[in-house]
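Residues or ranges marked as domain 'Major facilitator superfamily (MFS) profile' in TrEMBL: 87-509. TrEMBL lists 136-156, 163-181, 187-211, 223-244, 250-269, 339-356, 368-387, 399-415, 486-505 with the feature transmembrane segment.
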Amino acid sequence: MTEVVDLIGHFGPWQAWLVAFITYRGILTGLNNLAFVFLVTDNDHWCSRPTLPDGLLANLSETEWKERFIPYDNVSGSYSQCSMYGLLQNSTTGEILPDYTSLKSCDAWTYDEHVFGHTATDEWNLVCKDTWKRSLMQSTYMGFFMLAILLIGNVSDRFGRRIVAVFSSICLCASAFALTFSSSLNFFLVARIGLAFAISGLQVACFSLLAETIGPKFRIALNVCYGYGWIIGLLVLPGVVWLAQDWRKLLIVQAAFSVPLLFALPWLYESPRWLVSVGKQEEAVKAIRKIAHFNKKQLGDVEKEVEGLMKRKQNDMQAHQSNVSVIGLFKTKYLRRNTLVMITTAFMSSIVYYGFSRTATTLGGNPYLNFGIAAGLECAGYTLSLATTKYLKRIPTMFLSYGFFGLTLLITAFTPREYLALRTTIRMVGWFTYTLGYTTQFVFQNEMFPTVARSGGFGLCSTIGRLGATLEPWINVFLMWWGEKVILILYSAMVFVISAAMILLPETLGSPLPDTLEEGELYSALKLSKKMKNASKSKDLYTVVQAEDRELENKI
């Protein structure tokens with residue numbers, strides 16, 4: 001039976017070009033989603049000396065200024081960052097003296113030099129009472145990133161993959177360059193919102209386009225595009241910051257990276273499969289001809305083939321159950337349990353992922369090296385997962401991977417900071433196993449939900465995961481006052497919960513995927529029984545489910 005990919009080729013030069021385009025899109029995602037780690041910093045700061053007539057106080061060094069006019073906390077062993085002593089003037093000598101009986105809040109700050117150079121923190125004074133605005137910068141971005149995924153999926157289904165991808169590419173480029181001219185935090189936030197929508201739109205449209213134009217045997221390219229593009233972005237990011245030493249220069253580099261997308265748009269064709277599904281026969285023929293020509297594939301009577309595809313599509317829509325609302329996943333016991341477990345673990349795993357990425361630069365030692373090592377280990381874990389997801393069971397892999405990572409976080413929390421090499425080694429090894437579990441979870445989500453609600457279920461998990469990423473900066477602000485140990489203990493607790501929760505889910509390796517909600521419910525209910533183990537070898541789960549139903553009726 002002829003399919004669209006049979007006409008255009010299962011994997012040819014055009015699909016290879018599309019894989020490269022989408023992988024490059026992943027690089028931009030990595031560069032932007034974790035840029036907040038380097039855009040805002042927690043470098044030391046203190047009240048700047050006021051400008052007084054006759055150059056009073058100008059002859060003091062910064063050390064002398066702090067020793068005389070900035071309160072010192074013997075417990076923390078540091079000078080106050082947000083207040084200073086009041087000023088008194090000796091009426092006889094005119095000398096300015098500190099008034100130890102009064103304190104005043106800083107009007108301006110002096111910043112210690114940071115290893116990342118000039119950042120948004122010292123340009124916009126995101127300290128003291130405005131420290132919360134650092135979290136606002138990232139949570140706003142991730143919040144609208146989440147919202148965009150919810151909205152743009154429907155837009156892509158209605159108006160097409162190409163138009164969304166083209167508009168998103170232009171918007172990404174425009175927003176990235178607008179960021180470089182940010183004159184205020186509000187301007188920066190608005191531009192980042194545009195960037196979030198653009199990156200989300202490009203992600204949704206491009207992945208749908210590739211899934212619909214590539215042969216089944218080459219579907220692993222979807223994971224390759226997402227995983228390796230993202231990781232390359234993470235590996236490039238610390239190098240750019242190290243060379244730039246200025247947050248605005250980092251933004252300029254990010255903007256420059258977005259330009260090649262525009263030059264690639266003429267070869268970004270519409271999905272013929274989507275065109276067939278919406279009844280656009282003439283446009284589908286044109287798209288098939290363009291892709292086939294790019295792939296140097298000979299075509300026969302393409303108009304007749306497309307007409308046949310459209311008729312079969314109409315018949316399939318009448319004969320089969322259509323997609324159902326994601327609400328259907330909550331109507332029965334086992335599907336409800338599975339869905340709640342998956343969205344809960346998606347929420348917590350995103351918090352841990354972005355939280356760990358943040359602390360990778362504050363672990364101690366060289367922050368560039370730490371971030372780069374973490375990205376390299378993520379690449380290694382991802383590469384290993386390509387094999388483990390093919391041969392190893394999902395539940396044990398996720399249980400052990402997450403459990404081991406939680407253990408490493410707990411050990412790190414109680415290891416003294418002076419043992420820097422040991423702490424770094426333990427955490428990085430744990431990060432490798434976390435990546436393995438996280439990637440396996442990504443595959444597992446696609447396998448567990450029934451076909452009629454697979455997109456909705458996966459989208460729900462992604463949305464809740466983005467919500468976790470949105471809240472993570474605020475969690476960090478709340479816990480930073482309690483110290484790193486409390487943060488690591490909380491993260492380890494979350495990871496242990498994720499690990500334990502995996503035991504509640506059915507194994508999916510080698511099992512036929514459920515199509516309807518009814519099959520999905522019985523699939524989970526019977527998965528631990530001997531009959532279901534035998535059913536996993538069956539090519540038609542529904543037949544097995546019907547037989548099971550009949551046996552249950554006879555017993556009743």
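Cβ coordinates are placed from backbone N, Cα and C, and glycine is handled just like the others.
The stretch in 187-211, 250-269, 339-356, 368-387, 486-505 that contributes the largest number of Cβ pairs under 8 Å to the transmembrane segment (223-244) is 368-387. Using the rule of three or more Cβ pairs under 8 Å, pairs at least 6 apart in sequence, the transmembrane segment (250-269) is in contact with the transmembrane segment (163-181). Non-local neighbours of the transmembrane segment (339-356) in the same chain are 34, 142, 329-330, 374, 431, 434, 438, 441, 445, 448-449, 457, 460-462, 464-469, 471-472, 475-476, 487, 491, 494-495, 497-498, 501-502, 504-505; each lies 6+ residues outside the stretch with a CB under 8 Å from one of its CB atoms. For the transmembrane segment (486-505), same-chain residues at least 6 beyond its ends with a Cβ under 8 Å from one of its own Cβ atoms are 337-338, 341-342, 344-345, 348-349, 351-352, 355-356, 359, 395, 398-403, 405-407, 409-410, 412-413, 434, 437, 444, 448, 475-476, 479-480.
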